[in-house]
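Engineer: Summarising the annotation, TrEMBL assigns domain 'G-protein coupled receptors family 1 profile' to 41-290. Residues annotated as transmembrane segment in TrEMBL: 26-50, 62-82, 102-120, 140-158, 197-216, 237-260, 272-292.
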Amino acid sequence: MESENQTCVSEFILLGVSEDVLLQPLLFGLFLSMYLVTFIGNLLIILAIITDSHLHTPMYFFLSNLSLADICFISTTIPKMLLNIQTQSKVITYAGCITQLYFFMLFGDLDNFLLTVMAYDRFVAICHPLHYTIIMNPRLCGLLLLTSWIMTALHSLLQSLMVLRLSFCEELEIPHFFCELNQLIHLACSDTFLNDLVMYFATGLVAIVPLTGILFSYSKIVTSIFRISSAGGKYKAFSTCGSHLSVVSLFYGTGLGVYLSSAAAQNSRASAIASVMYTVVTPMLNPFIYSLKNKDIKQALKKLFSQETYHGDYT
């Protein structure tokens, strides 16, 4: 019976942020604007780093990959949401739902691992400045990036395969604007004990290990900064990791906020609204944090725009 129910599942219904018909045009405009700002903002960061040779360093190499991950992360959910609003359809196919789940977890986890790698980069730069270029060589940077991709791909694949083993019955409405792992497990009518176990253990491991690495790196960074005698030296050392610290605080702060609000909320719709913070707002704010707080990125963006203006005038 369970296998029969599972084979019958061809689609899910995404209820979205709100079912109010009058709010749909407003939601469409709002999320389209946020998507475009996120896409263009992160794309400009990538182009600025590629075109400016002064930014061809490990720190900005990882930042460009973080921006790419943010573009991909928001692109796994918002375009489908906008399409559903525009076509007035809430349907997502079973295969589409599993695919969305896989890539959502992939790029979300990749953000997490890249922030950890960037914390390690700042740790080496501040605590071992004389050996920075030797330690953070191109080979190690490539290895750290490759490891991040492999770890996130394996975790996403594991969770997706675990969902494939579930059977679903008549209740196929997901009170969310994308296929979220916890919501899919709650919809299943088969035994979900193993899924819950794997979800909490693997997700906890993927979250706790990187966070531990970030906290360890910053504990060493703070200790090194306090050893600097001059106030100017302390400010310069802290300013090199200020943007990263802001992004880390935003990433984990919104994630923790969504988790707590989901635990406290009486319905899943409140959880869907809260999850907008880390799925949309965080990727949107990251380019602003780096462009406003980082002098090198500011200069690279000015140079990029001046080149565009020059070529535009020339043509």
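Placed from the backbone N, Cα and C atoms, the Cβ positions cover glycine too.
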Engineer: Do any residues, 6 or more residues outside the transmembrane segment (102-120), come within under 8 Å Cβ-to-Cβ of it, and if so which ones?
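Structural biologist: Sequence-remote neighbours of the transmembrane segment (102-120) are 59, 62-63, 65-66, 69-70, 72-73, 76-77, 144-145, 147-149, 151-153, 155-157, 159-160, 178-181, 206-207, 210-211, 213-214, 217-218, 241, 244, 247-248, 251.
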Engineer: Mind checking which residues of the chain, 6+ beyond the ends of the transmembrane segment (197-216), have their Cβ under 8 Å from one of its Cβ atoms?
Structural biologist: 109, 112-113, 115-116, 119-120, 151-152, 155, 158-159, 162, 181-182, 185, 248, 252, 255
Engineer: Using a Cβ-Cβ cut-off of under 8 Å, list the residues of the same chain that are 6+ residues beyond the ends of the transmembrane segment (237-260) and lie near it.
Structural biologist: 66, 111-112, 115, 118-119, 122, 125-126, 207, 211, 214, 218, 221, 224-225, 228, 271, 274-275, 277-278, 281-282, 285-286, 289-290, 293-294
Engineer: Residues sitting near the transmembrane segment (26-50): Cβ under 8 Å, six or more positions beyond its termini, same chain?
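Structural biologist: Contacts with the transmembrane segment (26-50): 16-18, 56, 60-61, 63-64, 67-68, 70-71, 74-75, 78-79, 81-82, 85-86, 280-281, 283-284, 286-288, 290-291, 297, 300-301, 303-304.
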